[in-house]
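Student: Sharing the record's features from TrEMBL:
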- 22-159: domain 'Nudix hydrolase' (DOMAIN)
- 182-239: domain 'NrtR DNA-binding winged helix' (DOMAIN)
Amino acid sequence: MSQFSEETITLIRQELKKCIPQLSINCVIFRFNGEHLQVPIVQPVQADIWNIPGGYIYQNEGINEAAKRILFEQTEINNLLLSQFGTFGSAQREFSEEIKGYSSLGFPEDIIKHVSQRFVTIGYYSIVGQKQKDLKTGPFFKEVKWVNVNETKSLALDHSHLVSEALLMLRAELQSKPLLASFMPESFTIPELQKLYEAILGRPVDRGNFRQRILKTKILIKVGTATKTGSRPPIVYKLDTKKYLDSLTQDMKLGF
């Protein structure tokens, strides 16, 4: 007996008919919570697996519009500038074995056959600030949550690989796009900025070397000191937006 109502099954069939065959979108959204780099993942209803947000493209919409729609429907994250980090479509990219389990949940054979096909997926990534905390998901998912990037190895299908590829793009663009402004709050300390770099790079960074090189770029403006008990409260900075953007056009490699 199906664990889904006839109304739900009909709705799924209607949605699939509106979509471009064998083409999908997946979204990797990064945030920094002050300690760790994180991404949102979703859990489909009646399933014990977790995915990154993803879905299909309607025949009458562009791929960028589809990415924004899918992301909002599954997480309620919106108003982001989404960038492609890759297209994934090897001849072996199909997950019929993994999807077999859905037949036991009562999905009709035609739906199982559709989602078991080889799919080419377009990967999008973006960044949200620390204020983005609350997530909500749609009717086909029972939960959505933030997890640390290093906790995504057990995601379903090839989604851990997609997260890894998005992270590689994030690292590559760290010195060519204004990513710091998206991750950090308006004011911060150098140790807090160092934690962000370490979270993105996935390794420790020498504290003295980091401080020296960051200050040498002159992209930071001192705005005061943090409230802290002790003899030396940390200095608080903000980004000098113009100098920061100018630095991205120069061949300035920090080399952390």
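Each Cβ is built from the backbone N, Cα and C atoms, and glycine gets one as well.
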Student: List the helix, strand and coil residue totals of the domain 'Nudix hydrolase' (22-159) as derived from DSSP.
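Tutor: Final tally across the stretch: 34 helix, 47 strand, 57 coil.
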Student: Report the mean pLDDT of the predicted model across the domain 'NrtR DNA-binding winged helix' (182-239), rounded to a whole number.
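Tutor: For the domain 'NrtR DNA-binding winged helix' (182-239), the model's average pLDDT rounds to 90.
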Student: Under the DSSP assignment, what numbers of helix, strand and coil residues are found in the domain 'NrtR DNA-binding winged helix' (182-239)?
Tutor: 25 helix, 13 strand, 20 coil
